[in-house]
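One structure below.
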Protein chains: 2
Amino acid sequence: MSITKPSLPKGTRDFSPVEMVKRNYIYDTIKTVFRKYGYAEIQTPSMENLQTLTGKYGDEGDKLIFKVLNSGEFLNEPKKKSFDFVQDDNSNKLVSLISEKALRYDLTVPFARYVVMHQSEITFPFKRFQVQPVWRADRPQKGRYREFYQCDADVVGSPSLLNEAEFILIYHEALTNLGLKDFDIKINNRKILSGIAEIIGKPELIVDMTVAIDKLDKIGFEGVTKELLERGFSNADIEKLEPVIMLKGSNLEKLESLKNVLATSAIGLKGIEEIETVFAYVSHLTSHISNLQLDITLARGLNYYTGCIFEVKTNEVAMGSIGGGGRYDDLTGMFGLKDLTGAGISFGADRIYDVLEELNLFPKSAAQGTKVLISNFDEAAELYALPILQQLRKQGIAAELYPSSAKLKKQMSYADGKNIPYVILIGGDEMESGLLTFKNMESGEQEKLTITEIIARIS
Amino acid sequence: MSITKPSLPKGTRDFSPVEMVKRNYIYDTIKTVFRKYGYAEIQTPSMENLQTLTGKYGDEGDKLIFKVLNSGEFLNEPKKKSFDFVQDDNSNKLVSLISEKALRYDLTVPFARYVVMHQSEITFPFKRFQVQPVWRADRPQKGRYREFYQCDADVVGSPSLLNEAEFILIYHEALTNLGLKDFDIKINNRKILSGIAEIIGKPELIVDMTVAIDKLDKIGFEGVTKELLERGFSNADIEKLEPVIMLKGSNLEKLESLKNVLATSAIGLKGIEEIETVFAYVSHLTSHISNLQLDITLARGLNYYTGCIFEVKTNEVAMGSIGGGGRYDDLTGMFGLKDLTGAGISFGADRIYDVLEELNLFPKSAAQGTKVLISNFDEAAELYALPILQQLRKQGIAAELYPSSAKLKKQMSYADGKNIPYVILIGGDEMESGLLTFKNMESGEQEKLTITEIIARIS
């Protein structure tokens, strides 16, 4: 066995105990809210058949799918011989001969596959959440990884806009529980965007229009104008678009203006009505919600969504969106199950992690580590400590006995390194009196206490 | 986009909401015990560099590693051209050209890599646990999957046998908490096996010896004799072996007999001493432990382990081992970090799942699903229900409002399908009086209660 200096594949990460506690805190907070709103967890395999994934993410997406090599002596199988390795110098063709499986690219397509495969066992409307890693052969960069977790909640089989309203509440509750104070939940509706393109008389350019106006934040109205002209809109079109894009005021004011602008577009008015219904549900469910904003420039993956769309941004840290989603009317159609409406949202757990880190919002109490270390002076003290150790654990207290009679300094730095808040010191005096020295590692204070008193102190 | 009838790759599984609740129950129970004993969670990436994994699992293991194809137009890269696809018809060589990454095969080698890569940040002794899936291109069969979870706890950097004693307590506590009542924790020591081979005068045949006697349970002493003769032992050797293999009595009696047999083997006596120390620790830690058995025929992966070895079996269901582990003295040596001793155990979560299922041991209270469904009669009732819905959730109660005014029968079968234990029915009478109809779905009983009373009833 040759010795190799170990390294990690590009764009992948190890998570240390401290990082895992924080990651679990985020996942658990989000999962708890999902469950409270009636969503149930499922998991799907990391590998899917290649044909399940291919063609679902566009050409660019297909290239980013990690393919898994067939196992065994795959070149010796007769059918592989049909590939002329000299003439036919094409990666894609070779892939089709030597790979039948791939790592999932997102949680949405596997969910669609799940719904179709298990449709007879599922109780509809089916509200599921899923928190699992996905893999993309993207070029790694700051905040972009080749393996990362998605946290998705989707409902299929219910057209009710109550679902959309509850997504807003889920975002509000989960992010508030995570300690975020200032974030925007942006909402728009694909039908409103269709209506706008219709009114301008360029329904065929809806994708170009939305791609351009989606950039308003970044490039301003002048930049958007330039891009719209390049994408086939006229100055007259842009004149009509301007008041819609630059819409100001409260959500109600925006809706009133839009009603005038879209008065002759049935689909546009339908979009407005859907937003109004969602707002009505929200106001009946709760008296307070974070900054919920109707944002006409919000586009997201339009080919995919057909109704309301969402995006969540924090205002406390410069960071892209930390969540998004929307309604899609035909997700399972790709697997032959037609007319099943769905809606879903996603939390960007990795970005939320960075936000909480920057704002120092991870609670101390999120620590799941060892609560007490018992020092180990010598063999007699070790034996004396063993039943005490077990007594602590019986009370549900995570406890350790230092596993050798090393120098006290070393034992203390072990407690420090693991962020253990309390140390119990047991020497000759303690064994004689039964009063143990209980040290608070943060304050440095020491007290003589019985084990019962210590347990009461910690619990 | 062509429509494909979806399927799953061989040997992989979807987990439904009901299955996930049960799986989480197992993981959470085990994790809670790991934490109580001072183990902290880490995670490593699903993909490792191929060279990290290759050569660590033997030739057979190497074949079962799932390789991940390099991304992009890999055939066009110049260095790939050095492979003559016509002449050089060898899968392994092609793999080395088109694949640099693989899915992890277990959690142990990635853990060794982790320790070596992060040695400067780690506080030793390092006690970590890890619960993640692993992948093996094994032929799928009942109970054997290509993707499955491992639940491992390992400590590195501590030679103390207290760690081994605590592993026994961890097994006892976790399996007891899962409801198992009759299971054996078997212990042996590699040094005892070495001592036995030494006494017979065939130390070079230790692997053959242990492979043979490991089968005593299945093929009896006659079968073992036959196999030992085939593997190069003489009848005289077997005569010496018989009393050792067939050792009966309590652990203490076995140890006394072994001391006589191994009186002239230093390594054998060392193994006995280690077992005695572990037993002493256990008896100081707890007054009761499940059937802890010294089993001289227990072998496990001998090339790997160097001290105590463990295996756990349930006696309530016919099933292979549901856990195992041991001490290895040089795990990180493969990555250049020498002389770091380690010890670890693993829980077979998939098998434990099958055992709990067969014994009907999954607690009802493990249900994490929706607690209350509010029926939806019409628009007025829906509006009336919204603040009540949110009031339930504020109390931490997972609640849903049926998202349309479908027929009551359909709403009730939704509650049944999701195993929702309570339904709140709201119609005209209820809205007028404020007394809601509260239905217990199991007993079928109905009562008229205020929402405050309902919350008190459920919590």
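For all residues, glycine too, the Cβ spot is worked out from N, Cα and C.
Remember, TrEMBL labels are computer predictions, not curated facts.
The record from TrEMBL ties B:ASP106, B:LEU107, B:THR108, B:GLN150, B:ASP154, B:ARG300, B:TYR304, B:TYR305 to L-histidine, and of the options B:ARG136, B:ARG231, B:ARG351 it ties B:ARG136 to that site too. Confidence in the domain 'Aminoacyl-transfer RNA synthetases class-II family profile' (B:1-387), given as mean pLDDT, stands at 90.
Largest Cα-to-Cα span within the L-histidine-binding set B:ASP106, B:LEU107, B:THR108, B:ARG136, B:GLN150, B:ASP154, B:ARG300, B:TYR304, B:TYR305: 22 Å. Within the same chain, residues at least 6 positions away in sequence whose Cβ sits under 8 Å from that of B:ASP106 (L-histidine binding site) are B:TYR57, B:VAL134, B:GLN150.
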